[in-house]
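S.K.: Pasting a structure below so you can have a look.
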Amino acid sequence: MEEKTVVILGATGSIGTQSVDVISKLKNYKLVGISFGKNRNLAEEIVQRFDVKVYHGGVELSVGRRVDSIGALLELTKPDITICAIPGFEGVKATIEALKYTRRIALATKESMVCAGKFVKELAKKNNVEIVPVDSEHSAIFQIYEPHIDHIVITASGGAVRDLPLDKIAGLTPEEVLKHPTWNMGGRITVDSATMVNKFFEVVEAHELFDLPYEKIEVYINPSSFIHGMVFLKDGTIKIHAGKPDMRVPIAYSLTYPSREYTSYVAQVDEFDMRLLPVEKARYPLFFFGLEIAKSGGLAERIAFNSADEIAVQYFLEKKILFGKIEKIVTKTVEEVQKRAITVNSLEDVYKVDELSRKITEEVLYDCIN
């Protein structure tokens, strides 16, 4: 097999480090570039271990060549595969850059589809770039999807608030919310799991990736995260993708597709957990609010939702606001953007709406804190 080159954008984050682990166990995949934020020690370890020649990062390393942008990194390396694992709106920009230089995007940055799905798909088609999802749920649907479809189910864990009394949720601390029951993930996505904002984003991502109307995408809680996705076909067949929760498995598949080259834990029958529980509106109001704005068709509102959530979660993690304030900040910001009736016709419009939404969020936060 011919060697394939890989760049990881967001190499020192949760998905990034697991991607590094996967590449170390696969043959014929060469890591040729990374981007990272400020984690110098981990970045240096990766660069030295894989003899990476080029990187983009927030700090200088003692080895390798530092370039001043993700675009420059990708232009120099022109990788076969780019793993897009930068969270938030910065990840959207990185995905757009990757579409110019790579042959396949292993997409973990769900915000790319939430904020710019239409434009990402157009660029991918124009540049003949393959998009393979990394999220466990979308990887699951990707693997079992076929045209004669009635609807799909993606699952949620319910996060740290799943079994708590409703009156205890609003006052939760970051330490309590970051105790995810089944997955080991980064800070923002773990908080987004507790609010189920993450699952709202995944519904939008499924809508964009598989061209499915929202009414054909259902969400249920599977407490152990054993079931990742289900496809219901029109002839009555139900296809289920399941397995122990381990992000390295979908990461590996996004690299090796259509073949399977990665070896992992194989679950036994007595470990199967097929419980599917409804999502409670009172417990996860932001999830349902997100679905409402998505179904209304407004891309500006989706962008505003992401911008507000990104900032609100950071404030929560820094202990500047209570957990219960996240919902108020996001809904208020989206409603303010909604009043402006903004039409998003280009990527430039996407960036402008994000900038506007962040300004509005800061104003909403000021009112919440003072």
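Placement of Cβ uses the backbone N, Cα and C atoms for every residue, glycine included.
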S.K.: Would you identify which residue of Glu60, Glu75, Glu202, Glu208 Swiss-Prot lists as part of the Mn(2+) site it also attributes to Asp135, Glu137?
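M.R.: When Swiss-Prot describes the Mn(2+) site, the candidate it includes is Glu202.
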S.K.: Looking only at C-alpha atoms, tell me how far Thr12 (NADPH binding site) is from Asp135 (Mn(2+) binding site), rounded to the nearest Å.
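M.R.: Just about 17 Å between their Cα atoms.
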S.K.: Taking the center of the Cβ atoms of Asp135, Glu137, Glu202 at the recorded Mn(2+) site, which other residues in this chain have a Cβ no more than 8 Å from that point?
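M.R.: Here the non-site neighbours turn out to be Lys110, Pro133, Ser136, His138, Ser139, Ile154, Lys199, Glu205, Ala206, Gly229.
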S.K.: Could you check which of the binding-site residues (Ser14, Asp135, Gly186) sits closest to Glu202 (1-deoxy-D-xylulose 5-phosphate binding site), going Cα to Cα?
M.R.: Asp135
S.K.: Within the chain of Gly186 (NADPH binding site), which residues six or more apart in sequence place their C-beta under 8 angstroms from its C-beta?
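M.R.: Gly186 (NADPH binding site) has long-range Cβ partners Gly13, Ser14, Ile15, Pro87.
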S.K.: Let me check the 10 A CB neighbour count of Asn39 (NADPH binding site). How many other CB atoms are there?
M.R.: 18
S.K.: Nearest to Asp135 (Mn(2+) binding site) in three-dimensional space, by Cα, is which of the binding-site residues Asn39, Lys110, Asn198?
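M.R.: Closest candidate to Asp135 (Mn(2+) binding site), judged by Cα separation, is Lys110.
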